[in-house]
């Protein structure tokens, strides 16, 4: 009986899942075809000749090692700073009360409504005037504060009972040690979730690197890929392989942290 | 999620529960309680001023000048705005962005809620593997997403047109027909954003007390009535957030379209952020692009305010 009732939703679910999976599967399989086979009709789902030639060409023709290093530096450094700054700010919002904290909270809230893309021309001018044009720091520094991260920590810290803080204060623990030694270790789970999300945001970021980076030596993966797609004659064999290579770190990250990512109660950060 | 509820302080005054503290101790506590939060938010304040307030103010200033990125600022009054409101390309890209947003918000909402319902509350089999499949696009950057779908929907070489010809039809013009190109952008953005919205919905659906649904079932309510009368109203806060975030996300769509079709054919699917990018950086007309930015900013603020107004009405109802 139960199997019978489950049948329609199982079919719908798996048809949808197949539709979602197919584009990526087709893309991965195509990247394993030799260049000559990519356009030869009739197209076949599985490659007739399996080859990694596209990957070799892509790796040799483009300075992928450099792009990987650049993107990793940006993603890791930004993520570390984002977690620290979000934790401090979210903690202040959750555990202290004053009119200026409330005012600044509204300012942070407003940043979700007004993303940087909207004020691109002047944001670019600011980064340039700070002397950060064409540097990796020029991508890192502006991306540190995210409203989502601050909300996540604020929400998390406000669930921790105030009595804990009072007890520590009575024992003579100062405000900064209280935060560093007691509260921050408690917030480890949320820090992990934010770190994963932040890494994904920064790894896949396009608009800041596009505006700020000029020297191909400093390109991130996304900007480098865009320069291949933007060419008049797209070299599909190289483009497919290069795109697959750029996905590897995110897939590895997902494989490791799948549980944390899929069970992440991201709602808690934003709904309140 | 309204500003009102968000800003309501959730914690009591931390100094309150120490009623017996001596006078000196109290004073010392209250001074540390100004210093500590100030230090905690200081970095965020500096970054906020540098990368939101300053660009905002500078953008407003530039919008009244003919600044080209180098050289001096010449104030030209409202000329940029006058030109902008007479610029057909500006209206065209604004209208295309609105059309795209109006189509994508309901589409993203229905699809991600539908999939979340299937994954969270149906009897379907293999839900945990299906959830991973629906989540995979989240790992893929907008640029690579554009590449994947461009490859699948290529006019002469794409798999989709190959299947259409195989079935006896003529390949569709996914790149050279403006409406089909927009349809393709909608499909790709739905595919790409389902993952995140779906996670939000799944978390919210799981928080709905089972007893409500069971009671309704005993009273004879069918699945649709249970969804319509219990699940959907209880999901309202999440729905509001998904709709607000999707609206903002759609209004600033840029990277994926860059890789998918570059806003083509021609400039027919050029959205507003791409318009700003082109005028500001390819034509080096920072002043003019800033004026367009200011108009877009005003529109976004308006959208956010209108949506919050709806949210507030719902809270009171």
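Each residue, glycine too, has its Cβ placed from N, Cα and C.
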Transmembrane segment per TrEMBL - which of A:99-116, A:117-134: A:99-116
Stretch in A:12-29, A:178-201, A:236-257 most in contact with the transmembrane segment (A:136-157), if contact is a CB pair under 8 A: A:178-201
Tertiary contacts of the transmembrane segment (A:12-29), as residues 6+ beyond its ends and Cβ separation under 8 Å: 45-47, 240, 243-244
Remote residues contacting the transmembrane segment (A:67-87) - C-beta distance under 8 A, at least 6 residues beyond either end: 136, 139-140, 143-146, 149-150, 152-153, 184, 187, 191, 194-195, 198-199, 202-203, 205, 209, 218-222, 224, 249
